[in-house]
Amino acid sequence: MNPANYLVLSGLLFAIGSVGVLVRRNAIVVFMCVELMLNAVNLSLVTFSRIHGNLEGQVIAFFVMVVAAAEVVIGLAIILTIFRTRRSASIDDVNLLKY
Amino acid sequence: MSAGLPTVLAAATPEHGGPVHYAAASGAFSLTWLLIVLPLAGAAVLLLGGRRTDRFGHIVGTLAAAASFVVGLVVFFALVGKNGDERAFSQHLFAWVPVNDFQVDVGLLVDQLSIVFVLLITGVGTLIHIYSIGYMAHDPNRRKFFAYMNLFLASMLLLVLGNNFLVLYAGWELVGLSSFLLIKFWEYKPAAATAANKAFYMNRVGDVGLALAIMFMFATLGSTNYDDVFTAAAGGVLGYGILTAIALLLLLGACGKSGQFPLQAWLPDAMEGPTPISALIHAATMVTAGVYLIARAAPIFNETQAARTVVLIIGAVTLVIGCVIGCAYDDIKKVLAYSTVSQIGYMFLAVGLGPAGYALGIAHLLAHGFFKAGLFLGSGSVIHAMKDEQDMRKYGGLWKYMKVTWVTFGLGYLAIIGLPPFSGFFTKDKIIETAFAKGGTSGTIYGLVALLGAGITAFYMTRLFLMTFHGKPRWESTSRIGSADPAGTPEGENAQHPHESPATMTLPMIVLAVGSVAAGALFIVGGTLSDFLAPVLGHHAGEHHGLDPWVVTLLTLVVSVGGLAGAFLRYQVRPVAAVAPTDAEVSPLTVAARHDLYANTFNEAAFMIPGNYLTRFLVWFDKIIVDGLVGGTAAAIGGLSGRLRRTQTGYVRTYALSMLGGTILVIGALLLVRVG
């Protein structure tokens, strides 16, 4: 199978993820879209690793997964805290840092 | 008149040249610093001691002045004990400005010229201190008055004793300060406060000239010491232009301090100060500092005919201005003030005549110091007796009530109008004679102007004397109720009881009157003073062009007596009106003279009003342009940031979008570089 197809899939997943981050208001959905973007990157890393025949891409993909796991823990904790105080999971309500 | 440059240089160098050198002070001359320190200590004690010294302040002040006079006498006799050419002693006190190449030391110079001034300043100063004990007896601030007077003595002594121009300048500014403090001594009077400011401003104009002259000296010679500067001037080291510039700037300084045209307007206003101050500072000593400066800088003025011509013109113009205005005023102190302006004009005329006139100028200065101080003290005595009334039209017939004042004032009066054998006769006559002896048309003109001045002086001084002491009394008196008003008014607010002043006031007047009588003959006959001063001011060959001295003397006498007779007819034979005639009733010249020949009007139109407009323009420029620039920049940045702030919405997606946009931009740029 042509490895370029995986790259196309990776690009599609990344685009879907970024559009989701930009347009959705629900914090959980936004968060899942971020995960989608991370995994799209992982896919392209592994693909390039395969194309070039070395392992560095796969090593970096593992790093990304570890960091993403840690990030999920912290991100979900933040979202949970916001939800507890504001009774809302909409990220547009969290806009106190404006002008 | 306009001698060419080569002629002047050729004529000047051999006669006056030769290096100037001062011996180091030893023996009695090492006491010189005490002259300055004694009155300075007096001022310090009185000013720092505050109210605690109120009770004995006047005694401390007077003793300090007297002690300084005694030291002056000791130094003087030590100096007389030396040979004529060895009478200059310089005492180095301490380094003042030790900056690499620029070394200025504070040093004192005792020579014939400075010792003469020391004796005048401390002698007349001591007398006026004694006089002030009586005159200021009722003033709550008498102690402060004596403190300032002591400060003035110290400053004036520093001025005449300094051995370089910078020390002279320090003294020059300090006398200006003391003069300012004493003019505004009664500062609750608006006129006194204004007069003090006016004196300060107009002096500032002159002081800038003196400062520039000193800078010129430093820039060209690297030194301001008298010996260096005079050696260079006489040796032809400096160009004619530089010398003339220095001389003219010195002259500007002299004009400011001495109330000479065009800076004469402050001196009459300065009469708002207490009368002893008018006598000491604004008649006898400080205002003659300009004459001292020119005489001291004789080696410079000797080399530049142009500057001497300017001195002559200023002297001649001022002496006429002073005389003419003196005729129009009814305020006794104003008349005396303009008389001072006019007499200093004579001194300027004398020193402008060069080597022939320096000693005469100094002689007239000393004689003037005696008789004018005496006249002012006499006027103070009259003012004191007449409840601070200064209008001569409200005097009259006072001779009966204050005999001592009448006699002493009369002697001073005879001295100033120059009748023999009083001092003014000798000194003024010599100046007129020397002016004629200058030769040529210019000599004749200066001679005639001086002669005319002598006539007018006799006129206005006789007017003042007769209006004050003779004629019918024009004041309200309790003892004359019957004659003045048949109905008999009760003793009113304005009733006068003229009385003789206390002994502390009459004693100095008597001493000064004796001085006025004797000084002239003492200085002039046999050339005593000019021989004494010759080593400093240069010898004079004594050549004569023009009129015979006897003719000049006769002419002077005739003119003076003419002026006297004119005033006698006008103010003794005819009664004097108790109220001054209005401007419409008198001649245009009198009107002009009453307005100070429009000097103040001119100053206002030429300097004050444009100055005000300049200030207003600068304020406008500062507010609109400068502040506008600064404020505008701040407002622009503020407005811009206000708008930039709007981009911070607080929505996460906005930031996410900007990150995405940024990333796309970076990647796009990378692709463009790599691929394109």
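Each Cβ is built from the backbone N, Cα and C atoms, and glycine gets one as well.
Automatic, uncurated: that is what TrEMBL annotation is.
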Annotated stretch (transmembrane segment, per TrEMBL) among the listed ranges B:207-226, B:367-386, B:607-626: B:207-226
Mean of the pLDDT scores, which run from 0 to 100, over the domain 'NADH-Ubiquinone oxidoreductase (complex I) chain 5 N-terminal' (B:96-146): 87
Structural state census, the domain 'NADH-Ubiquinone oxidoreductase (complex I) chain 5 N-terminal' (B:96-146) (DSSP three-state): 29 helix, 13 strand, 9 coil
Chain residues outside the transmembrane segment (B:113-133) and at least six past its termini with a C-beta under 8 angstroms from it: 35, 58-59, 61-62, 65-66, 68-69, 72-73, 75-76, 79, 142, 145-146, 149, 153, 156-157, 160-161, 274, 276, 279-280, 284-285, 292, 295-296, 362, 365-366, 369-370, 373, 377, 380, 504-505, 507-509, 511-512, 529, 532-533, 536-537
